[in-house]
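These features come from TrEMBL:
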type	residues	note
COMPBIAS	1-11	compositional bias 'Basic and acidic residues'
REGION	1-33	region 'Disordered'
COMPBIAS	15-25	compositional bias 'Acidic residues'
DOMAIN	57-141	domain 'RRM'
COILED	617-644	coiled coil
Amino acid sequence: MAKKKSEEHSGTDANDSDYNEEPNFEDPPNFVDNISDEDLLGDMIAQRPSEADGVESVVVVDNIPKVEPSRLDKLKSVINKLFSHCGDIVNVVYPVDEEGKTKGYAFMEYKHANQAEEAVNKLNNHRLDKNHTFAVNLFTDFQKYENIPEKWDPPTVQPFKVQNDLYNFINDPDAYDQYCVAAETAQSCVQVGFWQNTLPEPTELETRERFTDTFVKWSPLGTYVVTFHKPGVAIWGGSNFQKIQKFPHPGTQFVEFSPCENYLVTYGPTPTGQKIIIWDIRTGAEKRSFVADSMTMLSMFRWSHDDKFVARMGESSIHIYETPSFYLLDMKSIKIPGIRGFSWSPTDNVIAYWVEEQNQIPARVTLMEIPKKRETRNKNLFHVADCKLHWQKSGDYLCVKVDRYSKLKKDKKELDVKFLGMFYNFEIFHMREKEIPVDSVEIRELILAFAWEPIGNKFSIIHGEPNSSNVSFYEVNKGVKPSLVKKLEKKSCTHLFWSPRGQFIVMANLTMGTFEFVDTTNDYIISASPDHFRAGEVEWDPTGRYVVTGVSSWKVKEDTGFNMYTFQGRIIKRTILKNFVQFLWRPRPPTLLSEDKQKEIKKNLKKYYPVFEQKDRLRLTRASKELLEKRAQLRETFMEYRNKRIAEWKDQKSRRVMLRGHVDTDDLETDEVDEEIVEFLVKEEITVLE
C-alpha cells in the first residue's frame, strides 16, 4: 500500500518541518541590527546611479553676453565656433528670461568627457570681447563647490625647501664668466661642455653627452639654456643644469626668448607652412599659437623691452598683443597702409615703422608710443627703395638707413622711369631730446655694414667696394650734426663687432678669416691683426674683455675649433676640436648698481689695481704650485714603476744565466764583446729573361 508523501517525508526525520512550508527570514522580536548597509553592501552601493550620471561631458559657460532674441543666432554661431575646436557638441542650451533675453550663461554637452575637460582647459578665462571673459567649468564640479565647509582651516606651514638656484652663475666672488662649447659626436647627437673662464686655465663645470640634436641657445639674461630635440625643446638651468621645463613642439627649428625671459616662442614646420607657439616659461603652458604661410627662419614677432607687449606685422597693419592674455591691444589691429617694417625701442615702449611711397605720397618713418598709439615723430622720405631700422642698445638713438634713387628720368617717347644710380642716407633720431630732432648723413658709396656703439655716441660704417672698402666712424652729439671723426681706408672687412662696453671694435673679414682690433679712444690705433683661417664667428664676452673667433663644422669639415683673444687682440688660447659646432658666452643680467655708482667705480679704478694684481699673482702662484705638485706626483709614479721593474730584472738573473750558457752577461763591458756578422742563404729564385 502506497504511503502519502508527507507521511513518507516525516517518517525519515521527525524533526524536519513540513515540506510545503515557506522559510521565515524575518528578524525575531527586539532584534537590533548593528551592521550598516555600507559595510554589508558597500561595493554595490558605490555602483548605484547618482544625480551626476550622464553629465560628465557637460560644461557651464558663464559671462556670455546678454542679448536680445534677434541677436541670439549670431551669438550662438560665434560661441559654437570657439567651442567646436575642442570636440563634437551634441547639445546646447541658452537659458532665457521672460522677454527671451539670454541670462548670461549656457550649457554645452560634448560627445565625450575628455572633450569637455579640454574645453575647460583651453577656454576658461577666454576673452570674447572688451567686456566679456568666459568662465568655463565642468557641470560635475558644482557639486564639489557646494560641499565646501563653512569653517575654513588655514593650511599648515610647510618647512622651507631650497629650490634650484637659477642665478648661482653670477655669485662667483671673482666674477668669472661662463661659456659653452658644442661639438657633434654623431649624427643628430651633439655634446655640450660648460666651462668657467678662470685663469690661467678654464675650469670644466659640466659635460653632457647627447645633450641636443642640433645646437643650443642661451636666454637673454643667461638664466636658461635651450636644447633641441625631435619631440620639441627643453630648457635647463641651475648649478648642475637641471631640466626646468619642456615644450612639446615637434620639429622645432628656431626659438626666441622674450627680453625678460617670461615667454618662449618656438618655430616649427607644418605641411601648410610654419607653426609658431608662444609658451609661458614658468608654467610650461601654451599661451597662443599661429600658423604662417612661409617657412622663413626669421622671427615674426618683436617684443617690447618689458615683456608687456609682443607685435607682428600683418598686411597693411601691425598686430600688438598684450601679455599675459595675448589678446590684441584694444581688441583691434593698427591699420597702417603700405607698412614695410617696424622695430621696438630696446628701452621704451615705442615702435618705429616705415611706410613705402604710394601714389605720389612720400615714404614715411613714424615713432608711435604704446599703448596710447600716439605718434610722436614723423619723417618724410623721397625716392626710397628700402629702409633698415637700427636702434642703439641704450635706446638713445635710432638710425634709419635709407636706400634712395639718385635720379629719376622719364623718357619722352616711352614715358618710362629710369633710375640712374643709388645713394644712401642715415637718418639719426635723437630720442632723448625735445621734439626728437633728426640729423642726416649722406654717403654715395655702397654700404656693406652698419653698427652702433652699444654704450656711447658713435657708429661705424663699412662702405665702398667689397675688396677694398673704407670704415668710417661718426660721433653724434646734442645740437650738432653727426661728425666724421675717423676714416680707415682700404680695409678688407665685411662685419663690425663692437665690445659690449663700447670703445673697442673688431673689424672682421669672415670670408678670409682676418681680424683687426681697434681702440676708438686712442686715435683709432689698430692694436693687433690676427688671422684665423676660415673663421666665421666672432663672440665678445659680456664684460668686453675677451673675444672668441670660431671655425664651425657647419662651414668646413677640417681644422675646426676656436681661438680666444684679449680685447687688444693678443692670443690667449687656441683650441682644435673635431666637429666643433658653436661657442657661446653665457649672458649676464644688467647690473644692479646705479649710474652714479658705476661712474664712481670707473673714476677710482686705479685704487683697485693693486688688489686685482695681487689676486692675479696668487692665481699664478697657485697654478705654479699645482703644476709642481702634479709633476712631483708623476715622477713618484714613474720611479715606483721603475723600481718594480728593476726588482723583477734582478729576480730573473738566475734564469738569464742558465739561458746564456752559465755566463753572466749583466756586467759585461761592451769593449770586451766581439761583433760577428753571419750571412746565410734564405731563398733562391731564378728568373728567365726572354
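Backbone N, Cα and C atoms are what each Cβ position is placed from, and that goes for glycine too.
Beyond its flanks by at least six residues, the coiled coil (617-644) meets 198-201 of its own chain at Cβ-Cβ distances under 8 Å. The coiled coil (617-644) scores a mean pLDDT of 83 in the predicted structure. Mapped onto DSSP classes, the domain 'RRM' (57-141) shows 30 helix, 24 strand, 31 coil.
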